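The next block holds one structure in the form of structure tokens; read it before the comments.
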């Protein structure tokens, strides 16, 4: 069906959303999540599929123009890379529409005809003589109403009149007839409402009034004559507005156990005679264990997902069933997991570190934790006769595989010396910083600086794109200035490519910012810029980018 302006499903158009240039799109059937969005009453809108970003949105008809007719005029309205990609995609769609059908899978082309469902709604209400209401969670609220006139020969004309006033055809999922089984107070309210409706009809001096079936506010249920009802969600889902151009997380390639990094080959490492354990084979852990094995160390590994241990077992590592088994089988155990909570679970949980005999055993915590967590673990390890060292790592996945990390250690000095051959295999420098807690504080300060700087890079490149500048040119100029660094160039290139391969997960960066803010809170040190950056990372994580690289914070800054 076409609307008053002649638009039909599959028509190609230019659609303008507030804050954006006119964008090439296609008139579409709204997907399920979009039909739940409340739109303004009596304003004709169309569901638009935007090319390039592959999202849907309701757009007012006044902001829609035919694609071919306005093509020459609007092609120069925006110079961003995303716009050019969208134009290229719509031209490819024109040439080969069958190649794009997978993008429209969320559209429900086989929905029942809205006119038929609307007629069923009206006929069911008048024949039963009882109140009817719509229980519809898949369409915008407050867009449908029925006249409270008696059933006469004018019924068909009234239907046409009501349907003509609707800006959008609705898919009525269910019609519920509420029987007279409620308490007397509910019946009285229903009777009172009907009496008011009848009085309004008898008043010939006023025009016919329409009674809304669903309230326009989508939150007030007091006007509905319901015996029972489910709570109405006040927060209407608007996730599609935030789910603008996103990318699927790139698959993490399996680590190549046969290759040896140039940095490791250039070092003359004499492997220690001690036996080392390693808990956690994540993004950073895999690279470190690989270098320990390639440098000749004897290693026992454990990971929550046992399948990750196979490659290391083939390369010469032993595999233990539980963390406590690793402690029993080794002299020194390294732990490198996701966050402080997981680190505590490994120590205090079932079959954890504390379940083993710790007398004379060394435990090295490499997880990014706060000073309080490190102190808690240290106290328990030492209380059972063990030795403790915190060894915080600075670097990325590539640096872990190359063996060029930075190690910040604090705790028992003798244990630090015993681990030197391991630190030589996985890092280019290791620093001993004294008492437990000093290394974690230093690490949080460095992570805070890195996170704030990365958020600034993301916002700068987002502004450049919005201003019509080429992000590649911005990065080339930036490389020539004193602001240039390896971090800036790596993250900048990742943003331009839009791939965000995980070097350091965004959720881990946000975790470190949160821990830095907690530490500052205890010291009464204000960190307003860090706090603002933390909110940006939290939003990006909320959009589903927590497991992507931290450079994916650009998605939040740009969209």
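Glycine residues also receive a Cβ, built from the backbone N, Cα and C atoms like all the rest.
What Swiss-Prot records for 277-291, 511 is NAD(+) binding site. If you take the C-beta of residue 283 (NAD(+) binding site) and look for same-chain residues 6 or more apart in sequence within under 8 angstroms, you find 252, 397, 400, 502, 503, 504, 505. According to DSSP, residue 283 (NAD(+) binding site) sits within a helical segment.
The compositional bias 'Basic and acidic residues' annotation in Swiss-Prot covers 108-125.
Annotation comment: Swiss-Prot describes 9-70 as domain 'PWWP'. Mean pLDDT of the predicted structure over the domain 'PWWP' (9-70): 84.
Taken from Swiss-Prot, the feature region 'Disordered' covers 106-137.
If you look up Swiss-Prot, you'll see 267-559 marked as region 'Dehydrogenase domain'.
Non-local neighbourhood of residue 291 (NAD(+) binding site): 261, 264, 400, 401, 403, 425, 426, each in the same chain, at least six residues away, with C-beta under 8 Å from its C-beta. Helix, strand and coil residue tallies for the domain 'PWWP' (9-70), in that order: 7 helix, 24 strand, 31 coil [DSSP].
For residue 281 (NAD(+) binding site), the same-chain residues that are 6 or more apart in sequence and have a Cβ closer than 8 Å to its Cβ are 289, 301, 303, 305, 308, 309, 312. DSSP assigns residue 277 (NAD(+) binding site) to a strand. The candidate set comprises the binding-site residues 277, 285, 287. Of these, 277 has the most other Cβ atoms within 10 Å.
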